[in-house]
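**Student:** Take this structure, written in structure tokens, and hold onto it; I'll ask about it next.
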Amino acid sequence: MNFKIDASKSEDNVKSLDEAKESYFSNSKVLDFQNIDQYNDSNNFASFYALNRLSNRLENRASYTQNSQSVILMQKYKKHKMIRTVFFYIYLIITIFQRPTWCNFIDYQEYCSIYNGQKIPTMVDFYLPINLYYCVEILIILYLCLSKVFKATIIGSENKKRFAIAQLIITILIIINDIIVMIQENNSQINISLLMKPILIVLQKRTLRSTIFHYCQIINKGKEIYYLMIFSLTFFAGLGSAIFQQKDNISQEIIILFVLQTTVNSPDIYLPYYGESRAYVAYFILFQFINTILIINLVLAFFYSSYKDLMHKETKQILSKYNHRFSMKTQKFFRNRTGSDITRLADISSLDNVISRSIYQILDNKFYEIFIEIISSLSFIMIFLTITKVKLYILLICNSIMFGECLLLLYYTGKRRIWRKKSLIIEFFFSSSILFLIILNILGYNDQKILLILLCYRLLRGCKWLLKNKSFTILIISITSIFQYIVQLFGALFILFMLFTAVGQLLFGGKIFFSDENQVHYELANFNDFLSGMCTCWFLLIINNWNVISFNYAKIFNSDLVYIFFISFYILVVLFTLNVTMALLIEYIVQKINVKNQTDISSSEPQDEMLSNQQPLK
């Protein structure tokens, strides 16, 4: 009897979980089940992220569906999803116009562009009023924090409650800081608003928390390798001091070797020594072989393999727990298209006019499609030529044809279906804008910059033949289908950018000025405001000449301690985060292409066998 009761309970649980899954399918804008790889559930980051999202939703639903009151509260919480999203992005965007922490009303002008006659380079010339900015910030973070606490209370998970409490503490700290800054009119000695922002975002987003937690686990796990790198740098610094008889500061020698290890401007470092004695080249070859080729690649391999192992382990745990709830169905990402755009927009049987049928057949003709691709490519080529009256008339004819085609497509699509065709709406917007600007230029309007920028859109139509290539289509669809996961993958990179920008603004903000000494103005790579700091982080991410940027800072502040900031950025952001992120993304794309090739080979094999079987019959 008890066995039957348990069986009925388990069936009810499975049914309720199936209902939860169906509810997820009906309510979600992006179907995560499409992104779970049916061949191997642990072999790419998209499957890993999709499984995490699904398991989290099922856990949450299983916890609050046990109480009818919780279900009602959760429905109210979901209704405010759009408001939370808007508030979150406003919180990010207004950071661009936040008055820098160093910019007070005592020492600086209104927009902090000049100090003691020296010009301060910044990216933004307008900052929001202090009271307005911090009042908006307080309202937004209060709403986001209370929403997180409200959700944690409904679900009742201890883990979520801990993060909600941590977010509440950070929110209180930011509010106290903002009130002090408003009272002192941005003349506070310590303004941690920008510094607390990435921490608050991490607490707000579960995916970022898990990614950063994984990175911290791996860094802690492989600390012996990092000790080896430090030991090697110290050893070669001492060896170089002994060989070259230079008694410089050991920290300066380690910094020089670290620059050499990152392969930035290597000849500038070792060629002066190489000129003194050819035998000195052995020292630099040995150093770069051990540190650049072996140790750096060992760190990358360890970090990447450890992250893959974590993905594999957590994926197995999720599947073992929820495998009976995940129905792995093959999703058809795209269908074979045999006709042109017009055949997918209209039905020829609905055209009761002979003229309409004739126009339809022209637009559906293969040669007409080739003709449109040619004139689209011709419009794009005009960007590289000097625009004259004759060329403007050529552009007018070409784009008038494409605009007329767009109008016909709109007519055949119908009023009811037009808003579903986003590509057609975009085509109409660009075609009408391009045609309008061409007419203005013919009439005497001389500014052609906007017109040339819009003409770049014509390359998309001119290269439409690429969409007929199945491999290219699979590549595009594979990338676009996991776009939200790509954003999540690069989310940790963005958070580190924000963190280093905040620290850089606290350390170096307002202390970098314009200089006429150098033709290449490296002082533009500064942390004077948020956008400047983010751009500087991007320059450092590309690696090239990061040593020149850091040297300028060390020269201005007359301290080698400045290098700790830049070396930390290289290790955390470039060496770990960027390389692993790109490796995961490349692996996913290559895997998708390989699966497609294997599918093509397997589909062709039966045909080959059939042909071989038919030959003896002849």
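Numbers run from 1 along the shown chain.
Each residue, glycine too, has its Cβ placed from N, Cα and C.
Caution: TrEMBL annotation is automatic and unverified by curators.
The transmembrane segment annotation in TrEMBL covers 82-98, 131-150, 162-182, 225-244, 280-304, 367-387, 393-412, 424-444, 474-500, 530-549, 561-586. The domain 'Ion transport' annotation in TrEMBL covers 366-591.
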**Student:** When the pLDDT values for the domain 'Ion transport' (366-591) are averaged, what is the result?
**Tutor:** 84
**Student:** Taking residues 6+ outside the transmembrane segment (561-586), which of them lie with a CB under 8 Å of any CB in it?
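**Tutor:** For the transmembrane segment (561-586), the sequence-distant neighbours (Cβ-Cβ under 8 Å, at least 6 residues beyond its ends) are 44-45, 215, 219, 251, 255, 258, 262, 296, 299-300, 303-304, 307, 486, 489-490, 492-493, 496-497, 500, 503-504, 507, 537, 540-541, 543, 546, 549-550, 553-554.
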**Student:** Return yes if the transmembrane segment (424-444) and the transmembrane segment (393-412) have at least 3 CB pairs under 8 Å (sequence gap of 6 or more), otherwise no.
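**Tutor:** Answer yes: the transmembrane segment (424-444) meets the transmembrane segment (393-412) with 3 or more Cβ pairs below 8 Å.
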**Student:** Hey, which of 82-98, 131-150, 367-387 has the most Cβ-Cβ pairs under 8 Å against the transmembrane segment (530-549)?
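**Tutor:** Counting Cβ pairs under 8 Å, the winner is 82-98.
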**Student:** If I count Cβ-Cβ pairs under 8 A between the transmembrane segment (367-387) and each of 82-98, 131-150, 225-244, 393-412, 474-500, which range comes out on top?
**Tutor:** 393-412
**Student:** Cβ under 8 Å, sequence separation of at least 6 from the ends of the transmembrane segment (474-500): give me the contacting residues as numbers and ranges.
**Tutor:** 30, 34-35, 45-46, 49-50, 194-195, 197-198, 201-202, 205, 207-208, 211-212, 215, 333-334, 533-534, 537-538, 565, 569, 572-573, 577-578, 581, 584-585, 588-589, 592-593, 596
**Student:** Are there residues at least six beyond either end of the transmembrane segment (225-244) with Cβ under 8 Å to its Cβ atoms? List them, or say none.
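**Tutor:** The answer is 219, 250, 253-254, 257-258, 261, 273, 280, 283, 287, 290-291, 295-296, 298-299, 302.
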